[in-house]
Ligand SMILES: NC(=O)c1ccc[n+]([C@@H]2O[C@H](COP(=O)([O-])OP(=O)(O)OC[C@H]3O[C@@H](n4cnc5c(N)ncnc54)[C@H](O)[C@@H]3O)[C@@H](O)[C@H]2O)c1
Ligand SMILES: O=P(O)(O)OC[C@H](O)CO
């Protein structure tokens, strides 16, 4: 028997990845109107954008700044952050955060990590209490001497369960429907279980049950929402490693970009990636004990080693780091001139991880993470990486 109620889905964020994931979701809600309301809302942080003469939509009358939301809805394309990719007609760009999430039962968070806390604060009291969420964010939240996952930040601030989606997912390739895999980690407490385990969401004592008539939000529903012929989904329960790997690989990708920028070749990059992967696993086990973290998530899932490989090949952190060495300019300058408003996540994450490691007296146990921070700070040079990463013997699992 078909369910009486359908899930309404909202994507909070509309950048490069936000728009690509919104495209996938709108394709799937359109194809599964029995389970989902076909119309998907995508919250856009409003800004003005001027179509460049290179845009296929450019004509004399379209010159001059226009609201990005209007452009997205008119051309069915995010002309700034995912240009050249047609978005489904059932995807609606909405500049009102409160209106975009109204009555939504599934919320997908996909913003650069520095904007999440503020955006969640603005959502308090604005969402249905029985909503479920997925975080597509690659970053960690560091406050004083504490490090948390954004899935937990969202859970705590909004009092709902939040899983994570992460993988070897360069947004432009997925926008063009080139095959890739992803990992979704989803492990909510049962609706009548008190959420006391630290691998379960914090911030609320009990999950608010989804009202009768809605399909349960489970692995099957999430696969229906995200899986496409060009975007294959594997569902796991390890939210901590899935989230953490996506954040930490951005730090490793900076070092990979620097050694390639120096002209050192693939062997050097492989060395950086090997040490980076070990530090990622070590960080997870050291600081997320009790979260159900598994080494296999790092070594076997798209969210782990596969994301590390793709990020150290064609990711923005890698490419900008490479250019910063080749042009001898700071990486922030490359971000500004090359990314058209997109945001490098590796720089912020490197500083955040370093402040956390410093507070715990653990910098020496993570020589690559520490070296990346020191290079960004101008206290060391990329050419010193081979020595810097051997300050400590190879990290042990
Ligand atoms: N781009 C990719 O290929 C990719 C792939 C997988 C995961 N990710 C991760 O997904 C997350 C989102 O990345 P993205 O590529 O969609 O973003 P992006 O790098 O394209 O960043 C631009 C976005 O930030 C928004 N923004 C700017 N200022 C803001 C503010 N003050 N408040 C709220 N939003 C603001 C812009 O409106 C725009 O939507 C990141 O954590 C990233 O690491 C990115
Ligand atoms: O372009 P980056 O460096 O933000 O990486 C993009 C994705 O995370 C790759 O999976």
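Positions of Cβ are set from backbone N, Cα and C atoms, glycine also.
Please treat TrEMBL annotations as automatic predictions, because they have not gone through curation.
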Subject >> Residue from 229, 345 that TrEMBL also lists as binding NAD(+) with 13, 14, 15, 16, 17, 18, 45, 115, 171, 316 >> reply: 345
Subject >> Annotated range (TrEMBL: region 'Disordered') out of 56-81, 82-107, 134-159, 186-211 >> reply: 186-211
Original post:
For the recorded positions listed here (249, 316), which one has the lowest count of neighbouring CB atoms within 10 Å of its own CB?
Top reply: 316
**OP:** Measure the Cβ-based neighbour count of residue 171 (NAD(+) binding site), defined as the other Cβ atoms within 10 Å of its Cβ.
**Re:** 21
Original post:
Are any of the recorded positions 171, 249, 316, 317 near ligand 1, with a Cβ under 6 Å from it, and if so which?
Top reply: 171
Original post:
Should we count any of the binding-site residues 13, 15, 17, 45, 171, 316 as near ligand 2, judged by a CB under 6 A from one of its atoms, and which?
Top reply: 316
Original post:
Since the record lists 317, 345 as binding-site residues, which of them has the fewest other Cβ atoms within 10 Å of its Cβ?
Top reply: 345
**OP:** Give the residue from the binding-site residues 13, 15 that has the most other Cβ atoms within 10 Å of its Cβ, counting over every protein chain displayed.
**Re:** 13
Original post:
Which residue counts does DSSP give the domain 'Glycerol-3-phosphate dehydrogenase NAD-dependent C-terminal' (238-385) for helix, strand and coil?
Top reply: 115 helix, 0 strand, 33 coil
